[in-house]
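Chemist: Structure provided below as structure tokens; questions to follow.
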């Protein structure tokens, strides 16, 4: 244990001194209210006489203070929570003005607020003589504390994604607000509520100016008792005041330091232990897939950015289509158009089967969606997350329970049913998100890069599980990713996108073996380029070997003096006897376990990547020769001559 420093001792001493400065007068006041004689103190004996006398004389002020505080709290809750939501979610000039108006009372003294109310509304006699006049002042004074507390918590939560997750399960705005937004803002609401209640009970300056002889409250009565009665009465009045305030302040401090509660449970499983296939032995939900068609769907955002150029895409019922491309290529925008989270520009249409759903919001489209960060509701357990969409749709309790059990069994997460979301590992959260999306039997399942946040081994395992699941379900699925491996493993059809448009669409094999343009060739896997000369007799490879034109699709139409051929590293065959088509010198050799990855330079100076057998050793500087079968060569469309 470290020896206390002088600075630490000084800080402790200052803290104790400040505490004594505040606590000692409070303690003396309480003892005075319980003493038989204030001047003799405790030696005169303790009594509850003064406390009982205060209650008999001023109980009406105590009840009035409680009434005003409770009604003020209700008003601040009704106004403050929606106001905080607007400030956090709706970033605009109007919300900025709203924030400034709500902060204004914090910068204005309570006396000034009271004076303004008196000047503007004091002429309304019935209002002025009622406790409602004090209530109005308290609401104006206390509302900013509620809004600030709630907004601070909301700002730490990804409200947009949580709302979209709830909407994808069929929840309308009011349902989302009450079941998702409010529960996840609960710490801020409780903290703000305690502040509002405490301030309303204890506020003196504003209340003093607004009260009338018939509308005295606890602080006003306390001041009057000290001014006009014996000291014991005033001190006894103080006891009532502290009896109301101190528990509230203590609770507020506890909430402020309290971390989000977690349910006592076993430690969450590590992702590395989850890399095992999921046996889908339990009954599969019935297939509900429908064809999806996008017609001339473009999207321009309010700032003028083009998110998607006019897109025509057809997805057959029960088909899994993967939208593949780099960040900003438009794949997520296309997915959000299908979901109903975005609306296409004028002229665009989204159809589910023969039904035009372009103007239908996501909650009415019957889609299931798995988000990149899963959008699971932290205020609900695993089973309640899965049940959420069923409850929103009005399913009976027995039917909901049966469906939840089915989903838990199918995803092998039955042991996690009562866990909170923060107790789950990444792989477990992914399974819960899938179960929640499938539980509502959606017409279309949408997955927005759901494996991005997982480690490589778990990502590979869950990729296989998702593929098995989608195959067994027979549901129409759209999967967004930038990972080529995921696209090749999951997609019946892969749509490669670039700069807001479709670069190529086809089966994984077609995309890989026959790229449509240089972008697709470079984006999908590793590709080598051969700079070749065109002769009447054929195509001359680097090193002089000539390929007949007829052996290469599209070569007969080549009119330029040179062209570029593509091949993949695994297509190269290293010739042991040195009589391959192309000679090369090894620049580097990397052993990858199942193969060697060679970086070689050709006679024309170009560099290629080759895969060779793991059973042979290669050294930098070694000369090799290799052959590429004509079937593995493809003419690069649109490429300039090298």
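The chain as shown is numbered from 1 upward.
Backbone N, Cα and C define each Cβ position, glycine as well.
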Chemist: Among the residue ranges 181-205, 206-230, 231-255, I'd like the one that TrEMBL describes as transmembrane segment.
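Modeler: Of 181-205, 206-230, 231-255, TrEMBL gives transmembrane segment for 231-255.
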Chemist: Match it up for me: which of 8-34, 35-61, 62-88 does TrEMBL list as transmembrane segment?
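Modeler: Matching range for transmembrane segment: 62-88.
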Chemist: Have a look at 100-119, 160-179 and point to the one annotated transmembrane segment in TrEMBL.
Modeler: 100-119
Chemist: In terms of Cβ proximity under 8 Å, which residues at least six beyond the ends of the transmembrane segment (231-255) contact it?
Modeler: 26, 29-30, 32-35, 37-38, 50-51, 53-55, 58, 62, 65-66, 187, 190-191, 194-195, 197-198, 201-202, 218-219, 221-222, 225
Chemist: Find the average pLDDT over the domain 'ABC transporter' (292-524) in the predicted model and report it.
Modeler: 91
